[in-house]
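A short worksheet on the structure shown next.
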Amino acid sequence: MKSSRMKSAALPLLLAGLLLAGGAHANDAAHIRASHAWIRVLPGALPAGAYVTLENDGNQPVALRGASSSVYAEVMLHRSSREGGVSRMAMVDALNVPAHGKAELAPAGYHLMLMRPHAPVKPGDTVTLTLQFGDGSTLATDFVARPANAMDAGDDHATPAMDHDAMPHGH
Amino acid sequence: MKPRRWLRPALLLLLLATGVLLGACHRGEPLPLRLTNISGHMPDLDFKLTDDSGKAVTGADYRGKVVLLYFGYTHCPDVCPLTLAQLHVVMQRLGPLADGARILFVSVDPARDTPAIMHGYVNAFDKRAVGLVGDARSVEALSKRYRSAFTREPSAADGSYEVSHSSAIYVFDRGGRARLLATPSASQDDLVHDLHLLLDTGATS
């Protein structure tokens with residue numbers, strides 16, 4: 001009882017504090033930096049894998065829970081694994097980004113599975129995915145679409161987010 | 001001084017022996033392969049499937065080519081594309097020699113993978129890749145032949161499902177004989193090295 005009352009009293013204060021600190025972007029993940037964000041584009045409407053490196057410069061661990069996008073009908077956090085020579089893929093609830101550490105979504109491991117694009121995504125396009133974290137914060141991140149046979153984010157992977165010039169218009 | 005006198009002829013002999021070894025594949029001498037050598041331990045390449053242009057094909061249609069056989073499915077956004085992308089890099093590194101090789105990507109998801117879908121998929125990776133589909137029984141027969149396993153995981157609420165599948169790549173020489181087993185984590189250098197041997201020295205029939 002006591003703790004829940006405290007929580008309900010503390011929440012508006014917390015929100016107010018966040019609003020003051022973050023201005024319009026009240027729920028931006030303040031301590032997470034995303035880089036090497038890319039999508040492996042497959043032909044047609046086949047599901048695609050998205051990869052990104054997340055760095056947490058905060059004092060608290062943050063859990064990536066998933067992502068949303070206006071371009072894909074569904075985004076799921078997945079993990080591929082290999083055991084006894086067998087590959088399988090499973091949905092996971094969260095990927096922990098340790099305090100002052102990093103977590104990588106990379107081929108053959110954790111990835112975001114992007115399903116049912118509303119419009120074709122072509123190599124060279126930029127797609128914004130909004131990463132969602134366990135503390136309710138989000139981070140809009142630009143992913144560069146790469147050809148099916150790409151091995152990584154390519155040369156310009158260091159390009160910071162928020163460049164929406166090439167974003168496909170799937171609404 | 002004494003050992004030097006026999007050192008030079010010995011080295012020469014060694015060089016000669018290496019040369020003979022490298023050129024001796026057609027006489028049944030073992031090639032100095034780096035990856036897991038399965039020569040004599042797995043059956044020759046044999047199947048009856050449909051290629052990505054819709055044509056009925058058998059293992060015999062690929063005699064004369066070094067074949068890289070891999071099982072997967074197109075609704076596999078992570079590991080299958082990674083493996084095919086890695087094989088594309090290996091083919092690039094082989095240069096013109098790669099024309100003597102084919103990547104055969106066999107779908108273990110016959111319910112969703114049609115020749116047309118497979119055609120778009122494999123060609124997004126490498127022009128020397130061929131997508132193969134077949135009914136459940138033919139695909140199972142091929143996968144059993146190479147002790148490769150796959151299972152369909154339980155369906156999700158929306159009817160989508162995942163397939164777990166063997167991650168191995170089986171390599172056959174130009175005569176259709178099973179020669180190598182590579183895992184996706186195998187070094188590309190080793191794969192390029194071994195394919196060079198099979199492509200350089202393998203008999204063409």
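The backbone N, Cα and C atoms fix where each Cβ goes, glycine too.
Each residue in the domain 'Thioredoxin' (B:36-200) has a pLDDT score, and their mean in this model is 92. Residues annotated as domain 'Thioredoxin' in TrEMBL: B:36-200.
What TrEMBL lists as Cu cation binding site is B:C76, B:C80, B:H165. Taking Cβ-Cβ distances under 8 Å and a sequence gap of 6 or more within the same chain, the neighbours of B:C76 (Cu cation binding site) are B:E162, B:V163, B:H165.
Residues annotated as disulfide bond in TrEMBL: B:C76-B:C80.
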Counting every protein chain present, what is the number of Cβ atoms, excluding its own, within 10 Å of the Cβ of B:C80 (Cu cation binding site)?
28
Please work out the number of neighbouring Cβ atoms within 10 Å of the Cβ of B:H165 (Cu cation binding site), leaving out its own Cβ.
27
Simplified DSSP label at B:C76 (Cu cation binding site) comes out coil
